[in-house]
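A.B. asks: Below: one structure in structure tokens.
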């Protein structure tokens, strides 16, 4: 049996099955929750809105309207029948229609918002990770420097602050008081989306404040995490031996200290990218940014649980696949991890 086949059987296959199981359970729970909440059915919501508008409907008309809406939305039949139908459509790539924007497909709304979330949050996560990791490693060998003490103090100060609070502060200062940046949106109204310099400049200007709020707090967290990791590693025997061999500090930092700390940092980065929009809903709302976070908030407020389920499905898939990616990546960057899942 070849080494690759052994790797596939012992390491990849088991983790792939776990990944599929996580996705299956997550989708099932997502399907059940909105259907178990009393009054959350979009048909019930639509009937209540008609009645609240002052329109009187006799009981038989209310029932007829409710039945027609259930049929229109594809929610007729028992919950088990709906569950089977949902999986059949899901395997075809059909997430159903949006109830609030009927008959627009859910997948269409997600495709419209996903590039904005991915473009903003993936980029900011990568920038924050790179800067925080590098500075955190260097700070270990420059612990007495003034810039290290100041940066560590600032990182500890901003780390507990939620993204949206920091975002709100930036919005008030730079958008409403100084008026240096726009208060919201993704680009200037009236500009046609294209690859032109005018459009790209507008996108960069509108995305600067939300990006800055995510980068500053994320960078501080990665800096402190790397600082703590490397502070412990420099006391390990192999680092002490390297110092006794009179190796340069730069070589020790690059080839011994940071290389040893990198698996933990990469694991954190991959998992953060997997949850790229789960913790930034309010940040997008603060800046009225047209990403998945804003779309999810709107769907919840409008009881559009087909859209909520579609967005949640994206989150479940991204987390599960990110975890699988980390599991497959670690043996290649950390030789202590074996394909059997143990350590040598």
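Cβ from N, Cα, C; glycine included.
Among the features that TrEMBL reports, transmembrane segment is placed at 12-33, 118-141, 161-183, 203-224, 266-287, 307-330. Annotated domain 'ABC transmembrane type-1' per TrEMBL: 114-330, in sequence order.
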A.B. asks: When you look at the transmembrane segment (118-141) alongside the transmembrane segment (161-183), do they share 3+ Cβ pairs under 8 Å, ignoring any pair fewer than 6 residues apart in sequence?
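C.D. replies: They are not in contact.
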A.B. asks: So what's near the transmembrane segment (12-33) in sequence-distant terms, Cβ-Cβ under 8 Å and 6+ beyond its ends?
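C.D. replies: Residues 79, 83, 86, 90, 309, 312-313, 316-317, 319-321, 323-324, 327-328, 341.
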